[in-house]
Each structure stands twice: as structure tokens, then as C-alpha cells.
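Below is one structure; the comments refer to it alone.
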Amino acid sequence: MYNNQSDSIRVPGNTHPSLTLRPNQYLSDDEDEDFFYSAQGTPISRPQSIRVSIQNFAGSYSRASILYMADAVSTQNSQHANAADMSVIAHEDEEQLLYKPNKPNMENSKVYRTFSEQTADMMHHAAYSSFEPLSRHTTVASIISQQLCLVPSATDQKHPQDEVCYVGKSSFVQSIFNAVNVLVGVGILALPLSLRLAGWLYGSLIFLFCCVATNYTAKVIVKCLNANKPDSGGTYGDMGQVAFGDKGRTLISTVFVIELITIGVAMIVLLGDGIQSLFPELDLIRTRALSLCILTPTVFLPIKKLAYTSLIGIIGCASLVIIVLYDGLSKEQRPGSLFDPMDTEIVPNDTSNLPLSFGLIMSGFAGHAVFPSIYRDMENPKEYNRMVNITYQITAVIYILMAIVGYLMFGQEALQEITQNLALVEEYSQVLNRFAIWLLVLTPIAKYGLMMQPLNMSWELVLLNNPRFESWLSVNWRKNALTIVGRSLVTAVLVYIALVFPGFDKVMSLLGALFSFTISVIFPLICHLQLFKEKLSIFETLLNWLLLTVSILMAVFGTIWSIRPSEL
């Protein structure tokens, strides 16, 4: 490859060094030159240490967590919203999320100089091809990415010799973990209730439809993103713009902002219910007030810290499944025993609340906003469909296990949250059950700040883009005051909504019926039909219209039943 063997980078015959994904990664004289690069630019010379493997895994998870939802929330491009200047939404002294090489003697390295010359003419055109769509349209995710060095800034691209960011890619296993973490959430708590409302037959059919439909649309989204430019990647909002122009992107952003509000309300309700389970003497108003006091500080924490703490969510869900199984096997008589199951129904005698199960089940498959980010972040995007299939297999096993075990243990007495049933059975291990409830309490605390970040940044960017506020916000203390007052007020409004609509089952049903069906099934299918109407076979066209029609009907009826007064 080079005339001087001592300065060369050795490359196996079946791979080639990536000059597009890692244009700013260089070697210095004190580094070991005897290593290889995969086709994606990943060093593969020797086995990684456990510490490095954990760091890579954590970095992959944090990227997926941070960009969740933020990818689809658009903002206006403006000089006032420059990522480097927005101290109102960024921490200037925050550590970089990913490794950032900083070696004074780097320019003295012969390998560095050779590698620089080879890649200098490629910097402008291929500085970071996997995130190209973000440069065409500004989203909250693109701003967060530049703040935390998830994508290189324009300065990095123009000056490759300066200190730059090293951005990794997610392996196949890491991508599966990220996708499972997105899908498996607090909706798992209401799955036994969904079977109680729908019975074994209808519940199984609804679950099968939601699982198959969302698995299909997860692949359709990437197909739509690559419609005009194969393997270009993109965001969920890009799909809407490709199919319907700017109106499609605006509609998606609006829907996602409203969904973020609903998610915030669900987190507050969940936290309040957990507090009430731990301290039964507290009434609704006091639990909501405590929720306000606990959650408000989390919206001011650094994004990087929030990304890692959100890992508590998947740990809590996995632990809850194990605890429910243990409780069911530790008791020999009903209620709450797997050896002596409660009475269940194949078909519900009372079908008046059946539509509520549509949203409750569908809310467990709402992760399509982040699938484009996971796709872009994969080392080998060609394995995306296989990754989706394995993700859904793991998710389905977890959901089916929780739904069946919970319904057998409590039958027609299943409450809106399975943890509420566990707290009522005195024969269970109280230490273990209180641990489960504490996990329930920690989940919204860990996730609330991260989930609200796109929502808070949206209104902050609106103000920053408004010339009328430019002079007023030029004073730093005013920016800080705006952040403190504004974010606190947003949380207060969400707490008030949670006080008016205190039922976790109704909130989750609305979240699933109105938003999950729309974002995860309906809109991707509409875009698919719009972009590929001339290329789809008759079978594919009929399949798409069938899924679309059934989804719209379930979404409409599920939404109506979620907002109408009823008692379970």
C-alpha cells in the first residue's frame, strides 16, 4: 500500500480501511501500528479488553437513548440556534460522551501525515456520510449530537488536523440490545390487565396483529428512507418529507411533541402510583406534589448522565418479570399462585372495555421513532432486518411471559399495574415486592429527564429562533432563568394533567391507540404506499391496505375508549 513498510497500515486481504466513516481517526508515533480495520473502520487486530467492550457497549446504548424521539422533532435552522452558542440548552463544561483523542505529537507521526494526505480531498464530501440527512434538516437530535460529539461539527470537518471526535458504531448484539430497550418499557405493567379485558382469544389475536404489523413496518421505514438514495440513512421525519414534503415532516414533529407530553404524563402517573404503594397513607394530590418535586430536578441534569441512568428501565422490567414468576411459584393457593390459577376467560363476558386492550397491547411495540437511528448506527446495516426479527422475538417472549403469568395469577382481579396486585398479597416476600415497587419508582425518575429533553429543547429553540428575544436573551442570567422557569413550568403542567387523568391504564391505552398506531403502523404504511405504489405487487398492496385499515379502526376505537369515562 505504501513504499515504506514501517509506516504502512496493514490490511487483511478480505477487508479495506474505511476512509469515509472515520476520516478523522489518526495514529501517533507512540501507538501500536500493527492493527487492522474492518470494512466499517473498526479496529480488529486483537481481542478487546472487558473494559473497552463495556465502554463500547455503553456508548452504543447512550447514543440510542439520547436520540430516542429527538430524531423526529424538527426545529428551524437559524443562526440563533447554533449548537455552539446555545448555553441555554447545553452544558459548556460537560465531558464529551465519546473518546476524543488529544495528542500534541500527532502531527509528527509519519503515519498521521500519510493518512491525512490520503483523506484530505475526501473530507468535504464524506466527512460523516452515515449522518448526512441530519445536515439537510435540523432536528433536536442533530443539535444534541453536535453538543455531545455524536457527529462532527462543521469546524471538525474543515480542520481535520485539529482535535476531533471518535464516533463508534454499534455491533449486531449492541443494536439488538438497544432495540429491545426501546420496545420493552412500562407498558409491560398493564399486559395482564389487557388479557383480562380481551380474554385469551381476542387478546392473543390483538397481540399477534400488533407484533407482526410493527415488525413489518420497522423494515418498511428503512425501505422508505432509502427510496431516493440507497443506504443514505435518515430520520423518521425524513421519511415523511420524502413522501409528502415539508407538510409531512411538520405533521410528524407535531405528533411526536404531543406523544412526548403523553409519555411525560404516564411517567408522572407511574411514579405517583409507586409512591402510593410504598406509602398508602398519601392521597392523590400529595403523591403528585411529590412527583413534581422529584422529577423537576432531572430535567436539568446533563444529557449524558440521563442516557446511562435510563438503563434502569430495562433492568427494572427484566427484574419485574423474574419477581412475578418467583411470587407465583412461591404461593400454593389463589390469588397470586401459578399452582392454583384464578378463573380466566377465553372470550370476555363483558366486552364493553375490549377496545382499551388495543392501546394497552400496542403501547409495548412503540419504538419506531428510534429505529432509523439504530439503523444508521449499525456496523453492518445489511443485517438490519435480521436484527429487527431477533429483537421482536425477544420482546414477544418477555411480553407473553408477563401477560400469561400475570393473568393466571390474578385473573379478573388484575389491576392496571401488576405491581399493585403484588402489594396486596401478604404471603409474598415483602422485601422482594418492595424492591419491585422501588424499581417501579426509579424507572420514571431515570427516564423522565431524557424523554422530556426533546420537548424542552423544542420550545427553547422556538424562542432562540425568534429575533424579538435575541437582545433579551443576550444576557446569560436571563437564559438560565428562562431554562429554570420554563422547564419547571412544563413539568408542573404535566403534573396537573396527571392529576386530572390519574389512571395509568387510560394514559397507556391512549398512548398506544392514538400515538403508537399512528407512528408505528399507520404513517409508515401510508408512506410506503405513496413511495412504492408503482412497484408493489398485488399481494404487497393488499397486505398494506389490510394492515392500514385494521390499524386505523383499532386506533379510532381505542382512542375513543381511552378518553371516555368508564370503570374497569
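Using the three backbone atoms N, Cα and C, a Cβ is placed for every residue, glycine included.
Feature annotation from TrEMBL assigns region 'Disordered' to 1-23. What TrEMBL records for 169-563 is domain 'Amino acid transporter transmembrane'. Residues annotated as transmembrane segment in TrEMBL: 176-195, 201-222, 251-272, 308-326, 356-375, 387-411, 431-450, 484-504, 510-531, 543-563.
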Stretch contact, the transmembrane segment (308-326) with the transmembrane segment (176-195), Cβ-Cβ under 8 Å, 3+ pairs: yes
Region pair the transmembrane segment (510-531) / the transmembrane segment (484-504), three or more CB pairs under 8 Å: no
Same-chain residues near the transmembrane segment (431-450), Cβ under 8 Å, at least 6 residues beyond its ends: 65-66, 68, 186, 189, 264, 267-268, 270-271, 273-275, 277-278, 294-295, 298-301, 303, 306-307, 309-313, 315-316, 319-320, 323, 326-327, 417, 419, 422-423
Within-chain partners of the transmembrane segment (543-563) [C-beta distance under 8 Å, separation at least 6 from its ends]: 206, 209, 213, 216-217, 353, 355-356, 358-359, 362, 506, 509-510, 512-514, 517-518, 521-522, 525-526, 528-529, 536
Chain residues in Cβ proximity to the transmembrane segment (201-222) (below 8 Å; excluding those fewer than six residues from its ends, i.e. six or more beyond): 194-195, 236, 239, 346-348, 354, 357-358, 361-362, 364-365, 368, 371-372, 375, 384-385, 388-389, 392, 396, 399-400, 403, 520-521, 524-525, 527-528, 547, 550-551, 554
Beyond the flanks of the transmembrane segment (387-411) by 6 or more, those residues with Cβ under 8 Å of it: 172, 175-176, 179-180, 183-184, 188, 191-192, 194-196, 203, 207, 211, 214-215, 218-219, 317-318, 320-321, 324-325, 327-328, 335-338, 341-344, 364-365, 371, 374, 378, 418, 421
